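Worksheet for the structure shown next.
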Amino acid sequence: MKPDIHPEYRETTVICSCGNTFTTRSTAKSGVIHAEVCSNCHPFYTGKQKILDVGGRVQKFEKRFGQLTGAARVARSTGKPRAGRK
């Protein structure tokens, strides 16, 4: 390996927007990383389902395609349920 080509790996404080802070190691020069979501507030870890919608993408999709899935839309339009896959 070549000497002196790797960045310094130092102790870094991570600060989440929810207020949680923890220490890890990183190559960040400032020694501080600001995060929007951490394991304290992320829906996967907390069990709370909330949609992190950026720019109204979910509403735009629902407006364009409706809230029904493809199979439900076919069943609704024909009046009979659609057979599932095996």
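Going from the start of the chain as shown, residues are counted 1 onward.
Using N, Cα and C of the backbone, Cβ positions are placed for all residues, glycine too.
In Swiss-Prot this protein carries:
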BINDING   C16, C18, C38, C41  Zn(2+) binding site
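Structure with Swiss-Prot features highlighted.
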residue: C16; record: Zn(2+) binding site; CB count, 10 Å: 18
residue: C18; record: Zn(2+) binding site; CB count, 10 Å: 13
residue: C38; record: Zn(2+) binding site; CB count, 10 Å: 17
residue: C41; record: Zn(2+) binding site; CB count, 10 Å: 17
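Neighbours of the Zn(2+) site: apart from C16, C18, C38, C41, residues of the same chain with C-beta atoms within 8 angstroms of the site's C-beta centroid are S17, G19, N20, A35, E36, V37, S39, N40, H42.
Reduced to three states, the DSSP call for C16 (Zn(2+) binding site) is strand.
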